[in-house]
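Visitor: Marked as active site by Swiss-Prot on the basis of sequence analysis: Lys193. Marked as ATP binding site by Swiss-Prot: Asp37, Gly38, Glu39, Arg96, Gln97. The Mg(2+) 1 binding site annotation in Swiss-Prot covers His131 and rests on sequence analysis. Taken from Swiss-Prot, the feature Mg(2+) 2 binding site covers Asp170. The D-ribose 5-phosphate binding site annotation in Swiss-Prot covers Arg195, Asp219, Asp223, Thr224, Ala225, Gly226, Thr227 and rests on sequence analysis.
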Amino acid sequence: MSKMMVFTGNANPDLARRVVRQLHIPLGDVSVGKFSDGEISVEINENVRGKDVFLIQPTCAPTNDNLMELVVMADAFRRSSATRITAVIPYFGYARQDRRPRSARVAISAKVVADMLTVVGVNRVLTVDLHADQIQGFFDIPVDNIYGSPVLVDDIEDQRFENLMIVSPDIGGVVRARAVAKSLGVDLAIIDKRRPKANQSEVMHIIGDVEGRTCVLVDDMVDTAGTLGHAAKALKEHGAAKVIAYCTHPVLSGRAIENIEKSVLDELVVTNTIPLSAAAQACGRIRQLDIAPVVAEAMRRISNEESISAMFR
């Protein structure tokens, strides 16, 4: 642990401070700012030669600024002779374009970001709940994708919900929701979204009996909260007594707060992989959990060459 040093950019300094408190080490001294024309400026204010450096920087909004901060920081530490550089990216932005749909002329931006990080000297990446697990394969360096579910499950248990049922908001999230349901020993329901015909509104079919149940929607992220709002409405229409959503990443873009306040969702519980905006903090239906202990433990294990997978057995 003596060679371990932790630094952060401007994306989520509060999370970085929480992580170093868990590790009982100081936060490293680096100046990350901008030149007058908007270019990213990085200067390391202490010796990092021979050190095991961890850079905590989610690539959340403003996505491009935060990504460039991470890239320029990594280059600065490589040129300053750090032995190993681990990019700790609690929320991995640019993850939604992870494949090229047939006949579509689009970029695979997740691969572009992976290449950028590798080129500037990042030796290892630590992420939380990647939007798509296959993104790990875009990297030519080791990637540890840890799960936020233990933090969510612990809170669900603490709430002592009556007649609890876990719900996947779509078919793609079934594996995640099933794992949470299995961990809690409760039933699982699935929302199957279908569009009967072109230009017709989406119809939500509920697979499972939610009548009188406390339904907990589980997803990796909440963006505009439109899907969660529609899911909560469908569940209430099918007799659910209460609907709470648990999501690891609070992206909360666009009209998300307005959508949450207008919805029948009783509560939205998120982690601090992304800092909440002032509007989100003021929303009485949003509650934030601390994921720093899980991130800190993963970082400790990486630094000590211990197993990461053992954390989730």
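Residue 1 is the first one shown; counting continues down the chain.
Glycine is no exception: its Cβ is also placed from the backbone N, Cα and C atoms.
Remember, predicted model here, so these are calculated numbers, not experimental data.
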Visitor: So which of the binding-site residues is most packed in, judged by how many other Cβ atoms lie within 10 Å of its Cβ, out of Asp37, Asp219, Asp223?
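Guide: The residue with the densest Cβ neighbourhood is Asp219.
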Visitor: When the Cα of Glu39 (ATP binding site) is compared with the Cα of each of the recorded positions Lys193, Asp219, Thr224, which one is closest?
Guide: Thr224
Visitor: What binding-site residues among Asp37, His131, Asp223 are found with a C-alpha within 10 angstroms of that of Asp170 (Mg(2+) 2 binding site)?
Guide: none
Visitor: Considering the binding-site residues Gln97, Thr224, Thr227, which residue's Cβ sits among the greatest number of other Cβ atoms within 10 Å?
Guide: Thr227
Visitor: Taking DSSP three-state, what's Asp219 (D-ribose 5-phosphate binding site) in: helix, strand or coil?
Guide: strand
Visitor: Count, for each of the binding-site residues Gly38, Gly226, the other C-beta atoms lying within 10 angstroms of its own C-beta, and report the residue with the smallest count.
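Guide: Counting other Cβ atoms within 10 Å of each of the binding-site residues Gly38, Gly226, the minimum falls on Gly38.
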Visitor: Determine, to the nearest whole angstrom, how far the Cα atom of Asp223 (D-ribose 5-phosphate binding site) is from the Cα atom of Asp37 (ATP binding site).
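Guide: On Cα coordinates alone, these residues lie 30 Å apart.
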Visitor: Quick one: among the recorded positions Arg96, His131, Lys193, which has the most Cβ atoms sitting within 10 Å of its own Cβ?
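Guide: Output for this query is His131.
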Visitor: Write down the Cα-Cα distance for Arg96 (ATP binding site) and Ala225 (D-ribose 5-phosphate binding site), rounded and given in Å.
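Guide: Their Cα atoms are separated by 16 Å.
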